[in-house]
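The signal peptide annotation in TrEMBL covers 1-22. Among the features that TrEMBL reports, transmembrane segment is placed at 163-184, 196-215, 221-238, 250-270, 343-367, 374-392, 429-453, 459-479. The region 'Disordered' annotation in TrEMBL covers 701-725.
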Amino acid sequence: MFRLFRKWHAIVILSMSLLACQQSPQPNLVQDGGCPPQHSPYLKQAPSVDGRITYCDQGDASTGQISTTAYPAGTRHVTVMMAGYPATEGVRVLAVATDGSFTSALKTDNIGDSWKPVTLQLPEAAQTHAFYLRLVDDATGTFGWAGLGFERAGLATTLPAHALPMALAILIAHLWLILAGWLLPRTWTVPARALCALLALGTASACVIAGYIASPALGAIIAYGTAALPLLALPLRLRRGPAPLAEATALHRLFFPSLLLALLILWIGLYPFSWDGQDWQTAATRWRNLPMDSWLPLLFAKMVHGGRLDVPMVGDWLSSDRPPLQSGLYLLFFHSWLAHGGLIYQALSTWAQALVIVPLLVLVGTLPRRSQRAAIVFALALSPLVLLNGLFVWPKLFAATFCAIFHIALFGPSSIARPARWSMAGLAAALAMLSHGGALFALVGSTAAFLLLKRRQALPVLVKTGALAVVAYLPWVGYQRLIDPPGDRLLKWHFAGHIPVTQDSFLHVLRAAYADLGFWPWLAGRAANLNSLMHGSFSFFGDAWALFWNRSPAAIATVVENSFFYGAYSMWFASPLWLLPCVALRCLRVAQASQPAPGAVSIRPGARRGTVVPVLDPGDLRAWADGHSSRRLLQLLGEHAGDPADAGSMLPAGAIRRCRAQPRSGCARLRLRQAFRRCVLRDPSRHHAGTERRLARRLQAGFSGNHGRRASSVLMRSLRTARRP
């Protein structure tokens, strides 16, 4: 898996990292107003802040103005250091256009006698102009002063103070995940162990948050024990020799892309790392102005850690309005030696969103070509769908990870044992709902597809899966109904369009919303939803092409806005519209592969029997690999030998079923050798080594990479075995 991040792939990541550093420098203060911070005996001095205050010789009665140098057009928000009481009447913070075309007041809150970073949002009309900030103090009463400045700390200070703790938090979580997968049975395949390790992470987070809700002391015990369990089991694994180390390396390779993606998102999102994690605005407003939804899991974690119940938790949000799994993830590593607070929460949450790459790698792992796997992974990982939701950490991608595991458990691949699939699916469904309520729609879609495709076989699996999911989800329902009711605000919001908080039941609100709604207004609403999904599917390519010669703030803002609001647009070059031509191309290749090529069989007559040698044109079997190639060659051999049942008559019916269930096992190779003995080599005395070499060369040309070498070696061994007396 490391090869996915070599050569030109590394150039892509490095280029994006460098582009993230190309930010406009912080403007310096114009020293034409205010006075140095040392004039205030009450202000806590901060040597790293270059600022001015309006608390001068007359104290609170002093007046004046402080201005900055200009910001470029296209700036959507600025982060400055402020002190004092800028919300006092008579004190204003203004954004003034350099050409004098507008003056806009910016909203600020009182801070007090210390410096604090404040993110100021620019109105849309101001974003198309160059502007500067002006602090105007006309107040003469008590608390009638304010300060404006900038953090002078460079990368030498911010990297070890802010970036390093986030990187260490991600590394610790990454190692925990590897060790958790290491504890699983060695008979499981690496993809199955990786997916189960993700389920173990989600289960541990759920247990930790449940323990804290019951009692902070119980939650701390569960968190300590769960975090230390993989480390305690490490000596047992090391006693088994070098084989477990190879397994850990394989797990690391599967989890490593998620670690890289998380670091990349934090680098391009938070550079130059002046943010100290004390507020939610920096990450939420990096690309567009978003609310504080991403900060709610941290507030819930702090609330239950303190052993209290705040009603409401913040603003008009109840603690039961948002699922708790991301809060549990933060509390799972809360007791480590790392510093607590927003930095660690942001790092762990970004890493949790990046874990969506792991089930994606399992899904694309069945593709025969590395270039195909790399194209799919990079197209999705570097799309706004992942980059934006990876920094603004409302846990949508965390829920998508478990939705993908649910889908994989139901439909394959064969590397996951069938008896474990229903338990994996049930646990993944519960964890997805505990991450984000919107996961319900994806779970319903996968369940419906499973019912349509499997029919009678699906019912017993879904019954067991649903029972496990309900049992795992019931504790959170109990919290919503009994501890902090009603807990159904998001249901009313998304299904009934009712946003204000109300104690009315969900069914009552739903009936009231649809009671007077006619068919055509309902249909218009569904069309609007479809437009939100598919809008910009075609226009994105035009917008992206236009950016090459028009990099105006308006053009960039259009791409950023559409990349957040519209589903297909947010996937960029991984748009669902690519699915249609891909399906057509796949059907065309399957149709071509099913037609026997002319001259595919060459028969050399012998005295009484002939030697049947299949002559394969290069590229005929390029799509077949591993066990699939063996099954396809058996089919061809049976057809060429004039006995279509030859390939299936080599082993008993039970063995054939086992071979089909495990296409990469030795059964397929055994069937291939037996087919060669019966179909290919009718007269061993007339066989010569040149035939072997020609057949091996043609077969190797028909495959790609290691698959051709592996298949040709199998054929050579089969021929030599058949030639033996």
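Any Cβ shown, glycine's included, is placed from N, Cα and C.
Any TrEMBL annotation is an automated prediction that lacks curation.
Beyond its flanks by at least six residues, the transmembrane segment (221-238) meets 176, 179-180, 182-183, 204, 207-208, 211-212, 244, 248, 331-336 of its own chain at Cβ-Cβ distances under 8 Å. Counting Cβ pairs under 8 Å to the transmembrane segment (343-367), the top-ranked stretch among 163-184, 429-453, 459-479 is 163-184. Note: the stretches the transmembrane segment (429-453) and the transmembrane segment (250-270) are not in contact (fewer than 3 CB pairs below 8 A, sequence gap of 6 or more). In this chain, the transmembrane segment (250-270) lies apart from the transmembrane segment (459-479): fewer than three C-beta pairs between them fall below 8 angstroms, excluding pairs fewer than 6 positions apart.
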